[in-house]
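**Student:** I have a structure I would like to understand better, so I am pasting it below and will then ask my questions one at a time.
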Amino acid sequence: MSVQYPPQHSVLLVSSGYDHTIRFWEALSGICSRTIQHADSQVNRLCISPDKKFLAAAGNPHVRLYDINTSSQMPLMTFEGHTNNVTAIAFHCDGKWLATSSEDGTVKVWDMRAPSVQRNYDHKSPVNDLLIHPNQGELLSCDQSGRVRAWDLGENSCTHELIPEEDVPMSSITVGSDGSMLIAGNNKGNCYVWRMLNHQGASLLQPVVKFQAHQRYITRCVLSPDVKHLATCSADATVNIWSTEDMSFMLERRLQGHQRWVWDCAFSADSTYLVTASSDHVARLWELSSGETIRQYSGHHKAAVCVALNDYQI
């Protein structure tokens, strides 16, 4: 059966989770246009490549790379080397390599041309999240012991180790697209904010503020592309939207509608919409100006725990 795919410029939402499927949705119509069976494990995280051609799916213990613009069920590439759940994926801006983190306690850097490990960094604790600094020369990661680490790819070493709350798992980190700030959220619902200063090509991290974002676990924190807002997802079934103006972190809006834990979120490119994934099996598209759900994506029959958005404009 031939499947018709939306044109390149349309908005594509991808969701996945514990039902072993990856679902592609036309974001505006809510139509599921493609389903990939991910038979051997749940999917923990999704990431779309900078050129919008590929989708990386983090499972246990593999990472699989899929072609977004075909109907094939088969991955183009499988990255093998982790020994436990893969928790995060980040693509380098030119797409030549990607980085991953895992509950096996490591951060790995992979060559995209041949799926081999180029770098291996040991956290000595399960790693919960990972990202690439906008300067493309540093990795930032956080772990179950409460540590946030910065890794200099040029020096091939850990340059910062931050421990805001000892033995409180740090669940998520996010960095401003302009490299201005780093934010980490933990299992007590607290967010920690650091100002990022450039010193001779390397980042200096200056503590700014701690605030309680939720009463329960933070599952994900994400800065908007324009760095004007922070979204925090939580076990309390809500998403809070915070203003970053003057590092004030005033609560602007609470997004309510999910029935269970909200695990993941992603902003639209213009920072005006947010997509979320929840244990209630549903993904949602929110208009941030009104706080309203404008589209629901129902199709998963177990928890939806990760989303990715491939958009140019909504």
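Every residue, even glycine, has its Cβ placed from backbone N, Cα and C.
Keep in mind that what you see is a predicted model, and the values were worked out from it rather than measured.
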**Student:** Say a student had to find the phosphoserine annotation in Swiss-Prot: which of S141, S157, S298 would be the correct pick?
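**Tutor:** Checked Swiss-Prot: the phosphoserine annotation sits on S141.
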**Student:** Using Cβ atoms and a strict cutoff of less than 8 Å, what residues sit near the repeat 'WD 5' (165-204) while being 6 or more residues removed from its termini?
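**Tutor:** Apart from its flanks, the repeat 'WD 5' (165-204) reaches 128-131, 133-135, 137-138, 140-148, 150, 152, 159, 210-223, 225-227, 230, 232, 234, 244, 247, 249.
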**Student:** Summarise the repeat 'WD 6' (213-252) by DSSP state, stating how many residues are helix, strand and coil.
**Tutor:** 3 helix, 21 strand, 16 coil
**Student:** According to DSSP, which of helix, strand or coil covers S141 (phosphoserine)?
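**Tutor:** For S141 (phosphoserine) - judged by DSSP and reduced to three states - the answer is strand.
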**Student:** Identify, in sequence order, the residues in the chain of S141 (phosphoserine) that are 6 or more apart from it along the sequence and have a CB within less than 8 Å of its CB; answer 'none' if there are none.
**Tutor:** A88, S101, V107, Y121, H123, V127, D129, L130, L131, V148, R149, W151, I173
